[in-house]
Amino acid sequence: MQMGVAVLVLVIACGVVSVLFAIWAIRSVLAADQGTQRMQEIAEAIREGASAYLTRQYSTIAIVGVVVFLAAWYLLSISAAIGFLIGAVLSGVTGFIGMHVSVRANVRTAQAASLSLAGGLELAFKSGAITGLLVAGLALLGVSVYYFILTVWLGYSPSDRTVIDALVSLGFGASLISIFARLGGGIFTKGADVGGDLVGKVEAGIPEDDPRNPATIADNVGDNVGDCAGMAADLFETYAVTVVATMVLGAIFFNGSDILSSVMLYPLMICGACVITSIVGTFFVKLGVNGSIMGALYKGLIATGLLSIVGLAIANTLTVGWGEIGTVAGKSITGTNLFLCGLIGLIVTGLIVVITEYYTGTNKRPVNSIAQASVTGHGTNVIQGLAVSLESTALPAIVIVGGIISTYQLAGLFGTAIAVTAMLGIAGMIVALDAFGPVTDNAGGIAEMAGLDPEVRKATDALDAVGNTTKAVTKGYAIGSAGLGALVLFAAYSNDLAYFAANGQTYPYFADMGPVSFDLSNPYVVAGLIFGGLIPYLFGGMAMTAVGRAGGAVVQEVRRQFREKPGIMTGKERPDYARAVDLLTRAAIREMIIPSLLPVLAPIVVYFGVLLISGSKAAAFAALGASLLGVIVNGLFVAISMTSGGGAWDNAKKSFEDGFTDADGVKHLKGSEAHKASVTGDTVGDPYKDTAGPAVNPAIKITNIVALLLLAVLAHMS
């Protein structure tokens, strides 16, 4: 036990180091030069808009959070309610601080890029690393400190239901914040982007980030609340939920075993070791002699991955060791096999990154095919973009299937859980790559609006093009890890259900349940699969509709300002930027509520609906379990298709900004008919990749974690 406490303290220390590194990086970024007075004025407008939106968003979520907190206290326990509060607050804090730094780093990055490309890269990446290491550090601290309080201070057994319910509630708190942040931020950012592009680029013929466009500031605000705060909340949730689900599986599989404490600590130690490797990896991000920005970022990612292999070995040595640790479902589990499962998780991460970059990177076949299709018109651009989005699901799915089967063969479902934990262990570096994107995008916008030298805009455009790819790559990683993480949650659901059924005397609600079968000959299972499968499509449709409405409102507002203030186009009148920001803030908050509640309420509706119709608890639990699988499978494909397809559409549009040479050798420049067709495709792809697709991620996980909590509530009530 003393060794276990020492390991837990070491894990907590790793989380503290991550947060301290982020604080050091914040001080370093804020000490950088902010540039000219005009640059600072533009940055201040972006900062005010982002802060106003996020404050209003979190105020709205807080109302829902208070209701859920009281419900968790009443239906479960005070420890579960506190767990929910910890998950929700830390998720919100991560996004808020990350965005707070991002909206201050943008102007500093623009100024640094005016001096050198290497300087701009260093500052933008350091800003991204702050968000990344806050995500990893605070998620690790949230789970490990609360686990320490429950098991060491309060003396609960690691497998006690109080501990498990409290940790699952912590994951639910993170999930609830995540789905609101992802969806609300996505509606804001893409409403601004779509509305601004349609009127500014297509109708008025002015370039991106032109200060004459009334939606320009709103667009830059959206980059931060969507790609920075939204992604931070998303991966914070995935990180926390995956670690919790792995610990829950460990508690179920090894209950009563001498090694139970070590098994519960193993995923925490993996994350603790990997957060340190992520910190070290940030120092490898340096621009090389070839000037490749993507190469510089990949150096950091590869270094983190290789060092994490050593981290996995350390985690094994300090917790489960290398020999046999037990038998689960007739399969012998060894420490060596668990290490190999962690290694497979890192390999899956690498493959997903490479595949996503292929489908979204400039000068790659998929993006070039969309650019080529733009030459023949708007319709062919959309058709080819949809084709690429559908095709982009195949290879990631094969990689994920390979990861599931290989880890299951090595160590059963617990091995799969360890693989996902290893994937999430390097989330600090992955989020750093993602948060790099909005900083460079904003830096380019500030350079354009402040009228800086074209060479500065050239440097920020180079950073932004890479940032666009890193955002797509990290979305692919987030979706892959979310799909595997949801599978671990489903395993926790099915095993938790079996545990309650086997202990009917302690949990009377489950005593007369009868056997639960997930056999496909069971009509309730098929019905559950179909119902679960519709959720990602319905959710995605609601998200796209919300962006369409928000974007339409922006179009009307921008047209109104151009009509009523003709001096805007000549530079004699200043656009009312604040009006578009306020309009989008109200629209995003209003539009995010109903879609966000869909995946939260769906599991409850499935269970009680089938119970009411069939009168059988076993049928209701079978239908609920099947619906979770339906959400996982369809959600995985919908999310990958939308994010990769949208990223490809975006970079196809960017291909025309320096001139795209088609198959016949004709060069098409910005403003050409082919470029206008590519803007249309990007208008479709924007809400695909930045609103609906990413928001499906937390929707997949929240349905599973609500199902787990439903089991806990029914057990507690009995």
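Note: Cβ is positioned from N, Cα and C throughout, glycine not excepted.
Secondary structure at ASP682 (Ca(2+) binding site), taken from DSSP and collapsed to helix, strand or coil, is helix. Within 10 Å of the C-beta of ASP682 (Ca(2+) binding site) we count 27 further C-beta atoms, all protein chains included. The Ca(2+) binding site annotation in Swiss-Prot covers ASP650, ASP682, ASP686.
The site 'Important for ion transport' annotation in Swiss-Prot covers ARG182 (among others) and is backed by similarity to another entry. All protein chains shown were included, and the count of other CB atoms within 10 Å of the CB of ARG182 (site 'Important for ion transport') stands at 32.
Within 10 Å of the C-beta of ASP227 (site 'Important for ion transport') there are 28 other C-beta atoms, taking all protein chains into account. Marked as site 'Important for ion transport' by Swiss-Prot: ASP227 (among others).
Take the CB of ASP234 (site 'Important for ion transport') and look out to 10 A: across all protein chains shown you find 33 other CB atoms. Residues or ranges marked as site 'Important for ion transport' by Swiss-Prot: ASP234 (among others).
For LYS471 (site 'Determinant of potassium independence'), the number of other Cβ atoms no farther than 10 Å from its own Cβ, over all displayed protein chains, is 28. Mapped onto three states, the DSSP output places LYS471 (site 'Determinant of potassium independence') in helix. Per Swiss-Prot, site 'Determinant of potassium independence' is recorded for LYS471, and the stated evidence type is sequence analysis.
According to its DSSP assignment, ASP690 (site 'Important for ion transport') is helical. Annotation source Swiss-Prot lists site 'Important for ion transport' at ASP690 (among others).
Annotated site 'Important for ion transport' per Swiss-Prot: LYS701 (among others), in sequence order, evidence recorded as similarity to another entry. With a 10 A radius on its CB, LYS701 (site 'Important for ion transport') counts 31 other CB atoms from all the protein chains.
Annotation comment: Swiss-Prot describes 6-26 (among others) as transmembrane segment, evidence class sequence analysis.
According to Swiss-Prot, the transmembrane segment annotation covers 112-132 (among others). Packing against the transmembrane segment (112-132) from elsewhere in the chain are residues 22, 25-26, 28-29, 32-33, 35, 94, 97-98, 101-102, 105, 228, 232, 278, 282, 285-287, 291, 293, 296-297, 300, 427-437, 439-440, 443, 447, 452-453, 456, 459-460, 462-463, 467: each is 6 or more residues past its ends and has a CB under 8 Å from a CB in it.
The transmembrane segment annotation in Swiss-Prot covers 168-188 (among others).
Counting residues 6+ beyond its ends, the transmembrane segment (240-260) has Cβ neighbours under 8 Å at 87, 91, 139-140, 142-143, 147, 158-159, 163-164, 167-168, 170-171, 174-175, 266-268, 271, 320, 325-326, 328, 412-414, 417-418, 420-421, 424, 481, 485, 488-489, 491-492, 495-496, 499, 701, 705, 708 in the same chain. Feature annotation from Swiss-Prot assigns transmembrane segment to 240-260 (among others).
Under the heading transmembrane segment, Swiss-Prot lists 265-285 (among others), citing sequence analysis as support.
Proximity of distant same-chain residues to the transmembrane segment (300-320), defined by a Cβ-Cβ separation under 8 Å and at least 6 residues beyond the stretch ends, is recorded for 7, 10, 125, 259, 262-263, 265-266, 269-270, 272-274, 276-278, 280-285, 335-336, 338-339, 342-343, 346, 349-350, 353, 422, 425-426, 429-430, 432-433. The annotation transmembrane segment is assigned in Swiss-Prot to 300-320 (among others).
Look at Swiss-Prot and you will find 335-355 (among others) tagged as transmembrane segment.
The transmembrane segment annotation in Swiss-Prot covers 385-405 (among others). Remote same-chain residues near the transmembrane segment (385-405) are listed as 344-345, 347-348, 351-352, 355-356, 359, 366, 369-370, 373, 416, 419, 476, 479-480, 483-484, 487, 636-637, 640-642, 644-646, 648-649, 652, 681, 684-685, 688 (criterion: CB distance under 8 Å, separation of at least six residues from the stretch ends).
Taken from Swiss-Prot, the feature transmembrane segment applies to 413-433 (among others), supported by sequence analysis. Taking Cβ pairs closer than 8 Å, the transmembrane segment (413-433) reaches residues 18, 125, 128-129, 131-133, 135-137, 139, 231-232, 235, 238-239, 242-243, 245-246, 249-250, 253, 266-267, 270-271, 273-275, 277-279, 281-282, 297, 300-301, 304-305, 308, 311-312, 328-329, 333, 337-338, 341-346, 348-349, 403-404, 407, 470, 473-474, 477-478, 480-481, 484-485, 487-488, 491, 495 in its own chain, all 6 or more past its ends.
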What stretch, picked from 6-26, 168-188, 593-613, 620-640, has the most CB pairs under 8 A with the transmembrane segment (265-285)? 6-26
What number of additional C-beta atoms lies within 10 angstroms of the C-beta atom of ASP650 (Ca(2+) binding site)? 27
Show which residues of the chain containing ASP690 (site 'Important for ion transport'), separated from it by at least 6 in sequence, have their CB under 8 Å from its CB. GLY186, THR189, LYS190, ASP193, GLY226, ASP227, GLY646
Non-local residues, at least 6 beyond the ends, that sit with Cβ under 8 Å of the transmembrane segment (168-188): 53, 57, 60-61, 64-65, 68, 72, 76, 80-81, 83-92, 95, 139, 142-143, 146, 218, 221-222, 225-227, 229-234, 236-237, 240-241, 244-245, 248, 543, 546-547, 550, 584-585, 587-589, 591-592, 595-596, 599-600, 687, 690-692, 694-695, 697-699, 701-702, 705-706, 708-709, 712
Cα-Cα, ARG182 (site 'Important for ion transport') versus ASP234 (site 'Important for ion transport'), nearest Å, comes out at 7
With ASP650 (Ca(2+) binding site) as the reference Cα, tell me which of the recorded sites ASP234, LYS471, LYS701 is the closest one. LYS471
In the same chain, which residues outside the set ASP650, ASP682, ASP686 have their CB within 8 A of the centroid of the CB atoms that define the Ca(2+) site? ASP193, ASP197, GLY646, TRP649, LYS653, GLY681, THR683, VAL684, GLY685, LYS689
Roughly how many angstrom lie between the C-alpha atoms of ASP682 (Ca(2+) binding site) and LYS701 (site 'Important for ion transport')? 28
Going by DSSP, give the three-state secondary structure for ARG182 (site 'Important for ion transport'). helix
